[in-house]
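> For reference, the structure I am asking about is given below.
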Amino acid sequence: MNRNLRNAIIAFLAPLPSIVFYLSFLRSYSSTLDPELSYIHSWCSNHPLLLANLLFFFNVNFLFWVIGLLQSSHWMIDVYWTVIPVMLVHYFASHPLGEYNKWRSMVVVILTWVWSVRLTHNYFRRENWEWGAREDWRFNDLRKQYGKHWWWLSFFSVYVSQQIFLIGICLPLYIIHSVDAPLNIWDFVSSAICLTGIVMAYFADTQLHEFVTQNQKLKEQGKPKIPNLDTGLWYYSRHPNYLGEQLWWWGLVVFAWNLGQGWTLIGALVNTLCLVYVTILVERRMVKQEYRAEAYRAYQKTTSVWIPWFKSKVAAAAAITYSPNKNKHTMWKILALFYVSLICLGLSVSPVDAYGRRQLRFNSNGRFKILQVSDMHYGFGKETQCSNVTPEELPYCSDLNTTSFIQRTIASEKPDLIVFSGDNVNGMCESGDAAKTMNMAFAPAIEAKIPWVAILGNHDQESDMTRETMMKHIVKMPYTLSEVNPFGSGIFPIDGFGNYNLQIEGPFGSPLFFKSLLNVYMLDGGDYVKLDGFAFNYDWVKSSQVNWYEHASKWQEMEYKRWPFPQNSTAPGLVYVHIPVPEFKQFSEPRQMTGVRQEQTCSAPINSGLFTKLVERGEVKGVFSGHDHVNDFCATLNGVNLCYAGGSGYHGYGKTGWARRVRVVEAQLEKTKYGRWGAVDKITTWKRLDDKNHSLIDTQLLWSKNTTLDANYRFKCNKIKQH
């Protein structure tokens, strides 16, 4: 058996262990016949990234390393650099935790295959269609440098480092298959960037291959070789193939950025920095070759390193170049495609959410307004009967009154965000089509094309959908910013469905344009629990949710205080949760509150410590709840405002003669001494009623930047000096 065939067989067989293991996992990960196997598969199903890293470590790092030692050549990692991303994209797409838009996935899978075929073709074309003919010249240099220590150093420098690079730059593929969001314009932008990179790299590598082939022919004929390639794309850039490769990876980053996970740029950034170093090594190698040193130095002086650009015609004419008779119009088309792609990449750094809307931010007047709609208890539309209305209203009253009220309020208030804070549908085993009911309930926000979010109440799931499937339906609806749960919940589980946070950034033109000036946290308060001896068996916010809030809050604080334009304080926050925390019970006297209490607080029998954590963090200025329809008061405890919205829906219970209502919260920014918008200055609230005059009542200041609490505000000793 010749070496070429043997290496080909080894290359095909080498990844089989991980492939066979993963296929067996997909086939039987839920099987309980073998307890030990079931445990392993359960772990694999809950840790997709860790599993990918483990398979890479054992199959690529260890097995490929052993094969490389036996063959005294680490050639195989070069081949699989072009293949592993394809394996990873199919791995992420087929994993049980995968949740994604099938069209976006299909586009990315096709693009990844095109990229891989292009790069694999270039590799074998360069190697004269031989398997393992030689290893990378950089590995040869390292082998000479480290001598007898190379056998163990190669494990880290060749394989472990490749794992960091490959898994890192493929993180966008994981995000693409972890977020199910509708396609938008940025998916086309991302695709254009990726495709531009593939096309540019193909033409650059083809031109380089033709140049190398021509020099080989000249060498065979005994003629002097041409020292430098300075035509086509190489006329405008010294390394257009590297640039094309970087465009591919950064295009994938834009996919992930569009899905709200811009942090994945770290992989592409590290890869770019490494390629910068490789570029330096390549250029040093070029000028060490006597026959091309002078021409290449002249080339360096006149030609851009990566970004295609024009150069001095006089200097260019003085260089000895390789200039085959090619149609220059092709090069202009590729360059035009590159610069269009570059513009797209620049535009894509504008923050966008997963649904095609730009990042929520304060308007040009320095204001951001939130409309809270609670307890709609939507049913069948016009066929649904109203509750607690006058006899005169009853024959003409239905869910359409709720819809009309919300439409009326949207027109009056023009909110920047609508929060549907639970019990959005009536539940109570009334409807057999919860999806249809939700579509009707959220229709006013969708028709108005206003960003909106939703959390669930204790009644929402009392139909044909679970809480999980309801949130999965909600996140696919137009204009919603809702999330099933925060990113990473598959690795660090969190109780409930509908825990997430929103960042409201500074207005255009503000130095705080990229900072979150107002943080909004949505929490799933659950539905019911079985606890004997308690009057109300409502659920509560669990410790996993409290921990998630704490971590998210600390992250937001760090971002707020870091460069650029670091802030000294913490951005204010708001929390929306359907079932009120037990601390709402502390208010019963009218003098303690703005608004009214007309029923007792039906909170959970267990205090999970959420309010204590909010006070401890000092960030949240208001907790907004529903649940108790005929309470609408706001009261302050330990610097945190506890506010009811009041019931908005006509199908849910109310009080005859007491108008349905919604709550509005508005944050106002301060003006800096330079006349620009700064941090949040104050937060106010009021209610809108569905009465004849669409009344606005109970306007109050919830928080002001200039209002502070004493450290010991309940008791202060004036006789003893504190320090």
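Backbone N, Cα and C define each Cβ position, glycine as well.
Copied straight from TrEMBL:
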- 368-630: domain 'Calcineurin-like phosphoesterase' (DOMAIN)
- 7-29: transmembrane segment (TRANSMEM)
- 49-70: transmembrane segment (TRANSMEM)
- 77-93: transmembrane segment (TRANSMEM)
- 150-177: transmembrane segment (TRANSMEM)
- 183-204: transmembrane segment (TRANSMEM)
- 265-282: transmembrane segment (TRANSMEM)
- 334-352: transmembrane segment (TRANSMEM)
> Other than its close neighbours in sequence, what residues sit by the transmembrane segment (49-70), given a CB gap under 8 Å and a spacing of at least six beyond its ends?
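Residues 10, 14-15, 17-18, 21-22, 76-77, 80, 84, 88, 91-92, 151, 154-155, 158-160, 162-163, 166-167, 174, 491 contact the transmembrane segment (49-70) from elsewhere in the chain.
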> What same-chain residues lie close to the transmembrane segment (265-282): Cβ under 8 Å, and 6 or more beyond its ends?
138, 164-165, 167-172, 239, 242, 245-246, 249-250, 252-253, 256-257, 305-306
> Residues of the same chain, at least six outside the transmembrane segment (150-177), with any C-beta under 8 angstroms of its C-beta?
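Distal contacts: 48-49, 52-53, 56-57, 60-62, 64-65, 68-69, 74, 77, 81, 84-85, 88-89, 92-93, 95, 98-100, 104-105, 108, 112, 139, 142-143, 249, 252-253, 255-256, 259, 261, 264, 266-268, 270-271, 274.
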